[in-house]
Amino acid sequence: MTALRQRKGGRGKEPPLGAEFQSQQSNCCSDHHPENILHGDWSWGVIIWTSVGWSVSVGLGLLCCIYMATLHENDLWFSNIKEVEREISFRTECGLYYSYYKQMLQAPSIQEGLSDLIHDNLTESKRTINLLQRMNIYQEVFLSVLYRLLPIQSYLEPVYFYIYTVFSLQAVYVIALYLTAWLLSGSWLAGTLTGIWYILNRVDTTRVEFTISLRENWSMPFLALQVTAITCYLRPQLTDLQQKVMVWLMYVTTFCFCLTWQFNQFILLVQALIIYSLDCLDFLTTTQVTTLYLVQVSSLLSVWLLQFCNSMILGSLVLSFIVAALFIRHCQSGLKTGSPLVRLGRLLLHSAMVLLLTVTINYLAKKALQLRSDEHIFKFIKSKFALGPTRDFDASLYLCEEAFGLLPFDTLERLAGTLLLYPYILTLLVLSGTLAVAALHNLSRVKGGAAEERKGAVEGRAGALRPDVAYNLLHTLFFGLLAFSTMRMKYIWTGHMCAVAAYGVCGKELWTLLLSTLRCNSKVLLRLVRYAVPLLVIACLYYKFWPKLMEELSELREFYDPDTVELMTWISTKTPKRAVFAGSMQLLAGIKLCTGRVLTNHPHYEDKDLRERTKQVYQVYARRSPEEVYDIMKAMGADYVVLENSICYERRHRRGCRLRDLLDLANGHIMDGDGENDQDLVPATHPRFCEEVKTDAVSYTALFTRTFQNKTFHVYRVKKKRKKSTKSSPEPSTSQQQDQAL
């Protein structure tokens, strides 16, 4: 619909960790590690190298920010298009989120703006909902308040304040990944390589330049900062004060991450599983495990309070899992004692008990809260792995989108083209082998009491895997599996992938193993290759990609979507301000932003009643009688229905995945076109509404009046009352009865 065209023109109170391990850490810190100053090393060499490292991190962050902003400007010619075109460029749900920022700025006062969000009756017709409870829009509220308070209105437009903030968060994201690689490897060259890889793999690491207000673009930088804080917290030789600071940083970053993305509970569930795995394999102390769990719980509960006691949070799997894990761990005090086989058996029993208790707690919580808002996610998972019905409408909406399919092979080809994939795989193999050896050693070790417990997983032996490295290894493995199963999740994986690969290139572990295998290991040679190889990789990347980046930045396009602009202009000037519009979720989000009209449904799909409502509104693309569609629209309070040719005559998806096919399957009707149909499907008794209404047959014109049309859109006004000559269906369908009950 929208087109782009070429423009014209270690802890202080804990016992020692072993001589060899301390020697390894001191060697690591002797380079230019960011912790050196924290440990009191104020030599000029350390100060200079640390300052250079921080300066490079900020420079790379700003470079990424400017790069993304320039691409956005070049693609849309954002500074020269009309305001309505700027707003249309906020596609799908992005437009819905941005509309609340705009609404807050247009409110007479901050207090009235907040009141309108808490008692909103524009987003869903015939309903008053609390948007701060239902949606993660505190970032829009915060930015609108900040814009109103700061003296910048005279020289910075609201839309630029918004998009510049999001692009600035990309700088924070790159700096966080940079610091993670620096902490792991002890060399800020690893951070530099991380930032360069992130920028060069922009297609697979972010989509911020064309989906600015998407929730993940707000939350991912905070997730990266949280991983950095966890990495620092799990490092040895931290003082009590430094530990407390890291705990608070973990809490703040986790809180910000949870507050800005509705899918936070699923990401935190993966993190909780990582912590659980490290606990079972004895890489973390009891204190560390408990602290990490409590940080997650406290962050979620803080968001729960801010979101007016949102029941989805209390009914989340991650809370149920953490409660179960802590309870079972407390009950099984002798879990890490006995022979290796006994310990392994206890771990399996422990895991089974945690799983059973998690399911029980979650089931009881959802029953008590009457929670069904997130059931579409579990339907999607069941359908994706063929564990449930494959004809469910909500699950099929996800399954038929490429973003929710398996990771395409060309993603790996692109990652290999930037020299990222190969060191990543090698690092993964070496660290996984080290993890397996260390885990076997931990399981076979006889635990000797309190002092041994305080040591945790890190032993004074060569080849021991540090807890921070083990955490990051499992982080990239777990989220990598998630990315391969669902392509949209790759953005969580690929950024961290850059940091892990850079750690492999600049860290000591891989090079020590390689040089030892070649029998030429020495400190001088080790330091030489650790610096020479990353510099060589950076030089190769510069030679190969700098001309391409310059060419990309020189490509100038402009926003071009005259049909949508015409539609929005007509709605703004020719329809009542309180008119209610029905249509596709994506289009209605734009109508809400550009015109402020009332909607019947919208793209924020995290509510069961809204999903049912959306399915009913979409019956305009199904084979339903005009009377049935009319009753649906009246039940929703709709005054106008917007039909899109791109949906009615869709060719983007294959047969069985077009929206009209999903509706036919849900209604039990045979699908259009050649191909097989399930035996229980029957022919529809009515033609497809979106096609037949355009013929102006009497049965349709008696209920709907065409008021606007162009090459893309047809708008019909729903008449107030049926004419006497129009007869209702003698036996309304089940879905119609449900609509009338709304």
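In case you wondered, yes, glycine gets a Cβ from its N, Cα and C as well.
What TrEMBL records for 1-27 (among others) is region 'Disordered'.
Per TrEMBL, the feature compositional bias 'Basic residues' maps to 1-10.
Feature annotation from TrEMBL assigns transmembrane segment to 46-69 (among others).
The annotation transmembrane segment is assigned in TrEMBL to 181-200 (among others). Listed by sequence, the residues of this chain that lie at least six past the ends of the transmembrane segment (181-200) yet keep a Cβ under 8 A from its Cβ atoms are 28-29, 31-35, 49, 52-53, 56-57, 60-61, 63-64, 67, 173-174, 228, 231-232, 235, 418, 420, 468-469, 472, 495, 498-503, 505-508, 530-531, 534-535, 537-538, 541, 545, 549.
Summarising the annotation, TrEMBL assigns transmembrane segment to 248-276 (among others). Note on the transmembrane segment (248-276): residues 135-136, 138-139, 215-216, 218-219, 222-223, 225-226, 229-230, 232-233, 284, 289, 292-293, 295-296, 298-300, 302-303, 306, 312-313, 316-319, 321-322, 325, 354, 377, 471, 474-475, 478-479, 482, 492, 604, 606 of its chain, located 6 or more positions outside it, place their CB under 8 angstroms from a CB of the stretch.
Away from its own ends, the transmembrane segment (304-327) comes close to residues 118, 130, 132-134, 136, 138, 259, 262, 265-266, 268-269, 272-273, 276, 290, 293, 296-297, 354-355, 357-359, 361-362, 365-366, 369-371, 373-374, 606 of its chain (Cβ-Cβ under 8 Å, at least six residues beyond either end). Residues or ranges marked as transmembrane segment by TrEMBL: 304-327 (among others).
Annotation source TrEMBL lists transmembrane segment at 347-365 (among others).
What TrEMBL records for 421-440 (among others) is transmembrane segment.
Beyond the ends of the transmembrane segment (493-516), by six or more residues, the same chain brings 24, 27-28, 173, 177-178, 180-181, 184-187, 189-191, 193-195, 197-198, 201, 204-206, 220, 224, 227, 415, 420-421, 423-424, 426-428, 430-431, 434, 469, 472-473, 475-476, 479-480, 482-483, 522, 525-526, 529-530, 533-534, 537 to within a C-beta distance below 8 angstroms of the stretch. Per TrEMBL, transmembrane segment is recorded for 493-516 (among others).
Per TrEMBL, the feature transmembrane segment maps to 528-546 (among others).
Summarising the annotation, TrEMBL assigns region 'Disordered' to 719-742 (among others).
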Chain residues outside the transmembrane segment (528-546) and at least six past its termini with a C-beta under 8 angstroms from it: 187, 189-190, 192-193, 196-197, 200, 418-419, 502, 505-508, 511, 515
Positions whose Cβ lies under 8 angstroms from the transmembrane segment (421-440), at least six residues beyond its ends: 281-283, 340, 412, 415, 457, 463-465, 469-470, 473-474, 476-477, 497, 500-505, 509-510, 513
